[in-house]
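Novice: Shown below is the structure under consideration.
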């Protein structure tokens, strides 16, 4: 597991507990980072309006899961995920689902707490059809192979310096001002040899 995963989880929890007067801010992760740092990664449809708990501290969305990419062991004996939980207010990183299309599938990466799937506005949630073919391949079968040894290392300002040979420098934000650049949409940080990771293309090979 990436050494940054516990830190990321801690930051996420801190954001969750932040007072409502402070806005929630976060840097979108590379999709491989989202996969590796999440307990559950699924494809699902949002099929119900949000339901609020009695104190309105959190809400839940009913979903219909169509595919699981990660989390078989974490889920245990539970046959399915029917709800996603999130803070009720966007100011404390609550996720707000804007699409009204209940047949649209989404890639959802979240944390499993007390047997429930939790997400925030900082979580990786994206329409499945908005992902590149390389990203879909990554979530389906490739990203998992890089989780143990490799780390996507964000570079947001110059100078950038890798801290380990197992890091891949992610420069999309720096070069394009977007987290949806070429490295995010087409590359994965994968082991090349023991103790070394490099960017590898996930673009479909032409026969």
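Along the chain as shown, residues are numbered 1 onward.
Positions of Cβ are set from backbone N, Cα and C atoms, glycine also.
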Novice: Swiss-Prot lists region 'Involved in metalloproteinase-binding' for one of the ranges 16-19, 20-23, 24-27, 28-31; which is that range?
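Specialist: Checking Swiss-Prot against the ranges 16-19, 20-23, 24-27, 28-31, the region 'Involved in metalloproteinase-binding' one is 24-27.
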Novice: Highest CB neighbour count within 10 A among the disulfide-bonded residues 24, 26, 36, 168?
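Specialist: The most densely surrounded of these disulfide-bonded residues is 36.
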Novice: For residue 24 (disulfide bond), find which of the recorded positions 53, 101, 189 come within 10 Å, Cα to Cα.
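Specialist: Checking Cα-Cα distances against residue 24 (disulfide bond), none of the recorded positions falls within 10 Å.
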Novice: Across all chains shown, how many C-beta atoms besides its own are within 10 angstroms of the C-beta of residue 160 (disulfide bond)?
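Specialist: The answer is 13.
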Novice: For residue 178 (phosphoserine) and residue 122 (disulfide bond), what Cα-Cα distance in Å is obtained after rounding to a whole number?
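Specialist: Rounded to the nearest whole number, the Cα-Cα distance is 15 Å.
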